Amino acid sequence: MMKKNLMLIFGGVSFEHEISLRSACGIYSALMKLDKYNVFSSFIDKITGVWYLLDSVPDDPKLIKKDSSAIISLIPGYGIFVNNKDLKIDVVFPIVHGRTGEDGAIQGFLKIMDIPCVGSGILGSAISINKYFCKLLLKSFNIPLVPFIGFKKYDYLLDKEGIKKDIKQSLDYPVIVKPAMLGSSIGISIAYNETQIEKCIEEAFAYDLTVVIEKFMRAREIECAVIGNEQIKIFTPGEIVIQDFVFYDYDAKYSTAPGNSVVFNIPAHLDTKHLLDIKEYAFFTYKCLELRGMARIDFLIEKDTDLVYINEINTIPGFTDISMFSKMCEHDGLDYGSLVDKLIALAFQSYAKRKERIDFHRLEN
């Protein structure tokens, strides 16, 4: 059987650029071991957004060579080219975290290119990355969420005092303030009282034009890996135990320094009710957001009430050596390489389903 041509896209004009490089290293290594695909490594420059074809995915970002003769051109209806040569890509595995990677942008472009793509499509990606609209949709399905409000920068500037009053009355303090469309806890801060809230909101608006504010609670952090298209598999949840951090921020997530006091428990120590609730909510969340391929769905269990809440959804979860997503899959018997291979198979499956529909009518002369 001839090998399929696979393009691994990583990097990106994103705050999570460096995390993407680390994820890509793991996936590239797995693809090399599988030896089932001709792998084309596509690096997106953080500053310019230019796409470069690399020989491999280096462990050290400093070794990435941005050769002008290796600039990638994408021409809808024709293909993906380097130096006027069609690479004849059969499937793309995007591992660009955050904006342009998880917001439906790359997914939309690949749909126009008519190339199968690992992971969710435009709709699921675009909704999931926007914390505010995602929460509004999940709320309409009666899925339990941490109490929240959201607003645009324009509305906030028109009525600062009214919004601050709403925060006090609806949520009370402390609250956690988040940019609506960023991951890896970037731009997130905690306001413990009214004197701190304005600074926290302004910091979040530096990253996004929409801000989400949630009630801050003492809670256990539970994560759940999900894969599949129509048929969905929910993996055994894991727990993140944070010892020296107020919340699971960027440093807690990605620091590899000795003494980083974050512990991963897989499986999470859950009673039967919590386990069933989390799996049920993960299933319905995946379905109602029309997710495909994979997702990591994060939960909170409030310590004071023992109630379970959906926290956030990641349509392209981290694949680094310390990421929970692959570790939860591995716990249930799906090792890293098999997971990567399965996700590629799901991309072909999703593409085939999409091609079954009628996209246009031919007019008879």
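Positions of Cβ are set from backbone N, Cα and C atoms, glycine also.
Among the features that Swiss-Prot reports, domain 'ATP-grasp' is placed at 135-345, with the record citing sequence analysis. If you look up Swiss-Prot, you'll see 168-223 marked as ATP binding site. According to Swiss-Prot, the Mg(2+) 1 binding site annotation covers Asp298, Glu312. If you look up Swiss-Prot, you'll see Glu312, Asn314 marked as Mg(2+) 2 binding site, on the strength of sequence analysis.
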Pairwise CA distance, Gln196 (ATP binding site) versus Asn314 (Mg(2+) 2 binding site), rounded so that it is a whole Å: 29
Between Glu203 (ATP binding site) and Glu312 (Mg(2+) 1 binding site), the C-alpha gap once rounded to whole angstrom: 20
Mean per-residue pLDDT computed across the domain 'ATP-grasp' (135-345): 91
Which of Val175, Leu182, Met217, all binding-site residues, has a Cβ with the fewest other Cβ atoms inside 10 Å: Met217
Sequence-distant neighbours of Asn314 (Mg(2+) 2 binding site) in its chain (C-beta under 8 A, six or more apart): Glu102, Ser128, Gly183, Ala295, Arg296, Ile297, Asp298, Phe325
Candidates Glu203, Asp298: member of the binding-site residues with the richest Cβ shell (10 Å): Asp298
The one of Ser189, Gln196, Thr210 whose CB sees the fewest other CB atoms within 10 Å, among these binding-site residues: Gln196
Inter-residue Cα distance where the pair is Glu312 (Mg(2+) 1 binding site) and Lys168 (ATP binding site), in Å: 23
Count of other CB atoms lying within 10 Å of the CB belonging to Lys168 (ATP binding site): 14
DSSP state at Met217 (ATP binding site), helix/strand/coil: coil
